[in-house]
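Here the structure comes first, spelled out in structure tokens, and everything after it is commentary.
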Amino acid sequence: MPGEPTLPPGEQPLIPERLLDVPSQRLYYLSLGLLLQAIKVFDVLQNIFASDATTFYGRKWLIIDFAYIATLSRLRIPRLKYSRAVVLLQILSIWFLDGMLFGGISLNLGLMGSSEISSVPSGIPNLPSTPEPFRLSDIFAPLTFGLFSFDTNSKDARLLGQHTVRMSPISTAHFNPQSHTFCLPPVSPVHVLVPILVNNTTPTNVRYSFTPLGSGRVEYVELGTKELKAIEQARAEGLQVVRNKDAGGYDEYDEDDGEETDAGTRLQKTQSLVHLRFSKPGTIRLDRVLDSSNVAARLVHPVEVTVVPCPTAQYTDDAVQDVHCAGETSGVDLTIDIRGVPPLSLQWSKDVNGRKEYFLVEGIEDSGHSHTAQEVARARIPQKLKVPLSLSLDALGEHTYNLESVIDGMGNVVHLNEGHRDAKITRSISVLRRPSVSFKACGPGNPTSLLIGSEVSVALTVSNADPMDGPWDIDVMFEPASGNDKRMKPWDKILRTQENKDDVILKAGVPGEYVVTGIRGKYCDGDVLAPETCKVVEKAMPTAEIEWKRIHECSGDTGVSASLVMHGTPPFQVYYRSQRDAEPPRDLVKTFTSSRGELTLQPEHSGHYYYTFVQLSDAYYKKVALDGPSIDQIVHPLAAADFAGGRGRRVVSSCEGVTVGIEVDLRGTPPWNLELQVVGPRSTDALEITDIKTSPTRILVPIPSVIDKEGGSFDVELVSVVDSYGCRRPISVPGVSVNVRRMKPTVKFYGKHGQREIIILEDDGADLPLRLTGDGPWKIKYRHKGNPDQVFTAVLKSPNDYIHVTQKGVYEIIEVTDSQCPGSVIESESTYAVDWVPRPSARLDPATVCTVEPYNRSHILPPICKGQDAHVDLELTGRPPFQIMYNIARNDEAGGTIVLDQPTFSSIQPHTRFQLHTSIVGRKYYEVKQIGDSAYPLAKHKNAVIPRSERLLFEQEVMARPSAKFKNDNRILFCLNDALTSREAISNDGGVIQLDGTPPFQLALSIRNLAASQVHKETVEVYDKTWILDLPSYRFTSIGPHQITVESVQDSSHCEQKELHPLRRSIWVDVAESAAITPVDKRVDFCVGDVAQFQLEGTPPWSIGYRINGKSYIQEAKESPFSLMHQQAGEFTVTSVSQQQKLCKATITDLQFSVHPLPAAQVGHGKRIFQDIHEGDQAEIVFTLIGEPPFTFTYQRAEPIPKKGGKPGKVLETHTVSGVTTHEYSIFSALEGTWTVTSISDRYCRYPTQSDGVVEKTRH
């Protein structure tokens, strides 16, 4: 599936994906795990408030969690499949959590005291104790929650068990306690379960009598424990199946089981249910119920139940029409078969289009049924009856009649329709609408047009119809139009609608009248609606009447005109053809919106023309052939002339010469004679041009002499034109205006006093001023002399304009043009020079002592000690004040460099001092990255970085100052007469000296003896940066404190040492004598839980070594006297004692005694026994005593406690028994209560222990 990887066949999920996909498997199983954890939280809360529920809940969840994780491993669900090691770790982790939650495991959070109670006063906190004896069972026993018990020394484990005696109450049995009715459904095999409610007893034998219906024979049946358990087991399995069924799997006969289950959940603690199973109808009478002691339970009346066949109802198999039409007057009659014990009641429902109504018929029985006393007893025999049901169909739609339920005379209710449809209990009848039909978009006032030789589609639509009734048959009648072809006869047709369509198309190819006469559906006949008739009318083809007329003027025929009268439906399109001489013909079209029209054809060029009409179209017919008149004509068009260049008045400029050229377009028959007028400021001159043979032509018009000298403007107008036929035509068109210029534009660079140069900043631009003459706008071209092939163009609008440049160098103007004429460049002033202000720079003073590294041009300065003041001198060029930004870097561990800072400093002098950084040890690199001055301040030129190859670099090694200190100030312990050497006494880094600098080091030390007021000094040479105190020549000759101090340190760099750390400069050494231990008490016998006290001599802390049963232990003590609680039975021996971090150890040979285990007692062999006795009987209570006889123990009788746990009841009596020499003791009692042991003593010890006559341990 998408999103899941393909797994090998051996790793596929246990549940195939075709049954349940992998994501759903993960969802369901994780949801189950979440549900289990939620139940576990509830059980944890239950466990908190239940005094004895720990073992039960712990065992339960150990098993459930193991089963959940193991099952998950077997399912092999992808993404939830783990290795065996992970599964095992999951099981151990969840078991550990269960142990924490349910009390199987507890954490020791630093409490050193034992769980046993000792006689040590409670005012001594954190009392030391000997370790408890180790057994493998101590690890696993808590996790089993009592499944396996090994611990006899844990809390309350020495007083185990209780024996509870209870008096049995009177038992009862109630047959069918809820007074339910029971019936057997007709399916087989099937049975019913009749409950018996028993109180204060567990039945082992049940006897009843069974009388079949309609028979006087009585059968007696007796059931034992095995049969009763089999019935209950089968019932439990059936209930589980019912719970697992889908929601749609409801069984109408399971209702009684559900009621019994609800009753079972409301039982009291002393009540329980057993069931009797019956598969035949009859009357059952309960005779007796016995328990395991053959004691009969008291029967509660009534003790009789009757089981009858369940009532049934269904429709008969009579044929009934399922579909009806609206308007039918006859109804529908249905018949129902009913079987059951009379009198019967039937509930049925009617559903019409989603609206449901319910009806109830009661008292259904045989008409001859009697109600005498004798007949009532016989009335339990079921009868079969027929009930008629008359229905009226007065609404459209789906009518559904369901049989809902039937009730018999015994009160048994059977629901017949529970979420499923069955033909035996459901009848459905459809009431359909009657269809109707009419023409669509055609009627008496709206006929349909038919073109000659074609067909037209006439639509009929079916309305108000039920889809279930389709398809429909429509009857159509045709009557030809009068005067039509006599061969066309009337006809009748049947048209059928297509599937899922309400319209039908009729193809009409003949004019006439079409009439709808009827409509029929699959089930119902319909109605014909208006319009029921459709008239089809045939349209005639369009025609035209055409009359030609010739157009004659001065030069002859100039064209033709046609008058047209058209018949048809406008608008009309007239298609005609025109041909000139031997040229290809041209097809043209003209549209007319009315029946009359005029068409005028006057070509512009002369020639032999032929015109003919080809086709005619109207609103219905397209391009109908038109046999119209044709005409041919030799056309001589009239002469005409106009200035070239389009409509409107034109303007022409003249910069030089005595004439100006003007383009003229001529039409007509060449050659032409053209007459013009030249209109000047004060005069008008006529100009005639003859024998013009081509069009267009260029005419040279002379410039008037006045304007030719000084410049100005004049107009040229066309007056007339004459063609080759001598026809003169006047011309009225806009003239041409001519502007005459005699001054050419000029351009030059402008500069004061002839200086055409400027100095700018490197990132700024410069505006170079210009001076221009002429009429703007101007267009100039210029270039940079350093790159003469690249030419720039600028359009200027002002005579004092400028051009903007950004690069330094010489710029030259090469060309100028104004709005009319090209101009000239003044050569002497055609160039302009641009230069940049130089950027500031820096270099080391030549007197600086350094070495230059060739490969990177770095200046290496002499090394210097850390913290020593140092600087270098720089020489700066530029405009003060200066700002210098530089990088400070050092070497990193990877072999590269890391930038420490990027500071900036300022200087107002060109010779400045650069301060070096010596606060950090290591090699420092300095790189000048940016330099700013007043012209190039750094604030405005942040991106102007000096190229890396041009930067000033210098470097210097900063050496560390030597120092020395002790790693920490922990005190060191030595014994008397020890040498000051590296040994076990120097621990916790107390004697380690850390040195900083360059090895080797000269380290000066002093050792001061405070007791003798002596000082010993010594100097050692150290080759590493860490040194452990090692002065074998010095010995401690007296006890007491000694102080070791670092006086001075010097390394190979000869730098002055740093100030020594005031707190780590010295360290203290304690010199002590050997330790000793003596017991406070002279006892030789102790009990587990007792405390032994010892007196210690020496300097704390002490380490006491002891041995129990051959195994050695060590106990730390911080004060004297020292107390030790005994938690292990056996022989206890003190072997050694040492002081101050286990130094100066002394061996002990004469300190030992015996530790005896505590006695224990059990009631009922340590188990919880519940015994029920009847009045007059006695119960034996057995006490088991563990220890060394003789024993003395105390027991008590309290009010009985319930089996499922609870607080102990009130104490009724207490007894003490002494001098018991055996390990088992018994008493007999006829009283009710719970017996427990509260204390026990043997020859050596007592449990619980006492202090001053008061018992310190109380049982919870």
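Cβ atoms here come from the backbone N, Cα and C positions, even for glycine.
Taken from TrEMBL as is:
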type: DOMAIN; residues: 21-106; note: domain 'Nucleoporin POM152 N-terminal transmembrane'
type: DOMAIN; residues: 172-307; note: domain 'Nucleoporin POM152 first Ig-like'
type: DOMAIN; residues: 434-534; note: domain 'Nucleoporin POM152 Ig-like'
type: DOMAIN; residues: 540-639; note: domain 'Nucleoporin POM152 immunoglobulin-like'
type: DOMAIN; residues: 744-831; note: domain 'Nucleoporin POM152 Ig-like'
type: DOMAIN; residues: 865-941; note: domain 'Nucleoporin POM152 immunoglobulin-like'
type: DOMAIN; residues: 1076-1147; note: domain 'Nucleoporin POM152 ninth Ig-like'
type: TRANSMEM; residues: 27-50; note: transmembrane segment
type: TRANSMEM; residues: 87-111; note: transmembrane segment
Looking only at the domain 'Nucleoporin POM152 ninth Ig-like' (1076-1147), how are its residues distributed among DSSP helix, strand and coil?
0 helix, 47 strand, 25 coil
So how many of the residues in the domain 'Nucleoporin POM152 Ig-like' (434-534) end up helix, strand or coil by DSSP?
3 helix, 53 strand, 45 coil
Between 0 and 100, where does the mean pLDDT of the domain 'Nucleoporin POM152 immunoglobulin-like' (865-941) sit?
89
With DSSP as the yardstick, break the domain 'Nucleoporin POM152 Ig-like' (744-831) down into helix, strand and coil residue counts.
6 helix, 50 strand, 32 coil
DSSP-derived helix, strand and coil totals, residue by residue, for the domain 'Nucleoporin POM152 N-terminal transmembrane' (21-106):
69 helix, 0 strand, 17 coil
Kindly report the helix/strand/coil residue split of the domain 'Nucleoporin POM152 first Ig-like' (172-307) according to DSSP, in that order.
31 helix, 54 strand, 51 coil
